[in-house]
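Trainee: For reference, the structure I am asking about is given below.
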Amino acid sequence: MKVAIVHNSEEKSKQVTKQLTTLLEQNQIQIDNRQPELVISVGGDGTLLSAFHRFNHLLNEVSFLGVHTGHLGFYTDWRDYELKELVESLCIHREKSTSYPLLDVRIRFRDGKPDKHFLALNESTIKRGNRTMVGDVFIKDELFERFRGDGLSISTPTGSTAYNKSIGGAVLHPSINAFQLTEIASLNNRVFRTLGSPIVIAHTEWLEIKLQESDDYFVTVDQLDIYQENIASVCYRIADERIHFASYRHMHFWHRVKDAFIGED
């Protein structure tokens, strides 16, 4: 097995990475940061997002696994004190993997530039600096509403527990092959009206946000900020690609949710 390790800049994560590398080498597991079969992130969820974007060109060939050293690790199955057990599992057990949906993001421009294409594991947002964003929301090429407010968030099921949850979106089980549109501080009064509720969109449907002409929009894809001029619209759908997580031990999704947000009684 060939393994790549991605860690954050925290000293604890660097120490854990050093220990993990030693254990892997002692067990004849090859470190390969170019063509790995397994990518191990050491840190928190942000580190795993970084690992995903670093290796998302190899999604059909790699699985991901997280070692938790931070304050919140929704994607991380292993703790930093379980390294020996983790390496033993890599050596003994045949890997099983669980796959989750990803978000296909396509930015279209007014000036004829080629579309820009991205994959998101958690979410993508559209905002407009310090001014009110105005955008027409199309579902399957039909106008659904005209949105006015701070912005829009479009999230995957696994991303539903991240930024989406903090702005009032629903938590979706990752087995649901769909994505979610959640408003960010929408304007709703007698003149301007939106649905005002999160919308769950099936994988067979697609979403396009057509923006009023302006040069101060910015789009995020997970932790990446993408500032672009002349954006005409942003299109979203469930991607053909999926992310695979190595599953050497099972943790029920709702147990993860409880552990991350509620804790023990």
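Glycine residues also receive a Cβ, built from the backbone N, Cα and C atoms like all the rest.
The model shown is predicted, which means the values in this text are computed figures rather than measured ones.
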Trainee: Taking GLN223, GLN228 as the options, which does Swiss-Prot list with ASP45, GLY46, ASN122, GLU123, ARG148, ASP150, THR161, ALA162, TYR163, ASN164, LYS165, SER166, ALA185 at the NAD(+) site?
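Mentor: That NAD(+) site, as Swiss-Prot gives it, pairs ASP45, GLY46, ASN122, GLU123, ARG148, ASP150, THR161, ALA162, TYR163, ASN164, LYS165, SER166, ALA185 with GLN223.
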Trainee: At the level of the C-alpha atoms, what whole-angstrom distance separates TYR163 (NAD(+) binding site) and ASP45 (active site, proton acceptor)?
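Mentor: Here the two Cα atoms lie 12 Å apart.
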Trainee: How long is the line from the C-alpha of ARG148 (NAD(+) binding site) to the C-alpha of ASP45 (active site, proton acceptor), rounded to the nearest angstrom?
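Mentor: Distance (Cα to Cα, whole Å): 31 Å.
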Trainee: Rounded to a whole angstrom, what is the largest C-alpha distance between any two of the residues ASP45, GLY46, ASN122, GLU123, ARG148, ASP150, THR161, ALA162, TYR163, ASN164, LYS165, SER166, ALA185, GLN223 that the record assigns to NAD(+)?
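Mentor: Per the listed residues, the maximum Cα distance equals 31 Å.
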